[in-house]
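Only one structure is covered here, and it is reproduced in the block below.
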Amino acid sequence: MGKEKGHINVVVIGHVDSGKSTTTGHLIYKCGGIDKRTIEKFEKEATELGKGSFKYAWVLDKLKAERERGITIDIALWKFETPKYNVTVIDAPGHRDFIKNMITGTSQADCAILIIGGGTGEFEAGISKDGQTREHALLAYTLGVKQLIVAVNKMDTTGWSQARFEEIVKETSNFIKKVGFNPKTVPFVPVSGFQGDNMIEPTTNMPWYQGWQKETKAGVVKGKTLLEAIDSIEPPARPTDKPLRLPLQDVYKIGGIGTVPVGRVETGVIKPGMIVTFAPAGVTTEVKSVEMHHESLDAGLPGDNVGFNVKNVSVKDIRRGNVCGDSKNDPPMGCASFTAQVIILNHPGQISAGYSPVLDCHTAHIACKFAELIEKIDRRSGKKIEESPKFVKSGDACIAKMVPSKPMCVEAFTDYAPLGRFAVRDMRQTVAVGVIKAVEKVAPGAAKVTKAAVKAGAKK
């Protein structure tokens, strides 16, 4: 088999009509996890329904419909392979909870693929002032997705026009520059997600197209197709050298074993024998064993979803939203308040001090109060526009002091990114997103230290 391929997550963004589904469907269909049987089944249905031209989007529509009906479809269906990577496509936007998912980070994207509809008027609609495209690109950038690929889709509907492609590249470059990306590091690929041009094989319909290029630290990288552009994503550094942070998703009580917290390692490493602290619960204990997919591990690494057995801790002591860390290496703590840069996305009214919506940060789901609006800032440059504003509204960005209604554990984005970004939820939608700048931490009072931890500590 040789060396296992690296794993990367991509998020596909773009206007609803840009052909996102067709393009994503095409990659998954040609390089991916959909087995032949499923495809044959879909093709048969498509033909029966008179969709015989078998749009790739049909594959994706089927997957989406199944997901929305709550049938958990095999996540493999959202995967495809490039020569270098196993790629997972993160929930395509347009889906209600997309923003929340992107922030609470079931999976942080390593790269965003922006799909632009090349047809007349489409491109303009997607990038207009209120366009979703702008919002998604800005969100991706704010939340730390620093690599971008632009696919100019539907080139077949433009008569494979070089002029149209160049016009879109120029406009899009300006647009992404305003968001914060450097266009020189971004491959621009003219494709037809429907006909397959430049998706996997180089096109024969655009003799003028010389290929894409992008600047990287290692020099200029060149290629022709979208698949090659995805293959040229720089591998993410997985933060194993940082102190452990593992937000709990659930805590189980398992007969004969005991208490088993479950969650995804965000930073650092968890190993059997480690003395860990749970914040804000203030419980310290020893890790007896660590396992993933029912196999025991010597170590759980960033990105691993693990269960681990802890000694002398009741299920009542710790819960979802708590964060587990190494008691001897920057242990996690609860916080009294934190300062964050908040971007208001869609709130019907005005937000002023005292507003108390629910925050989703990693696995925690807790009401927090906007205690003070410190300053209103320009959302692109971060420069101050107004000191102590009375209120902020949709489209504004501000620095705010937030106070959680009950103990919670968060971190500054620059220290531990996955624990430093949050979604503000109200009226069943994401009204704002935030990035935490600084945290006022609280040392636990009379913390519970289990006998196992004391014993293990004495041994060392």
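A Cβ is built for glycine as well, from the same backbone N, Cα and C atoms used for every other residue.
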With Swiss-Prot as the source, identify the stretch among 14-21, 126-133, 238-245, 382-389 annotated region 'G1'. 14-21
Measuring Cα to Cα, how many angstrom lie between G14 (GTP binding site) and K79 (N6,N6,N6-trimethyllysine)? 19
Identify, among the recorded positions K20, K316, the residue whose Cβ has the fewest other Cβ atoms within 10 Å in this structure. K316
Determine, to the nearest whole angstrom, how far the Cα atom of K390 (N6-methyllysine) is from the Cα atom of K316 (N6,N6-dimethyllysine). 42
Of K30, M155, the recorded positions given in the record, which has the fewest other CB atoms within 10 A of its CB? K30
Out of the modified residues K79, K390, the residue with the smallest number of other Cβ atoms within 10 Å is K390
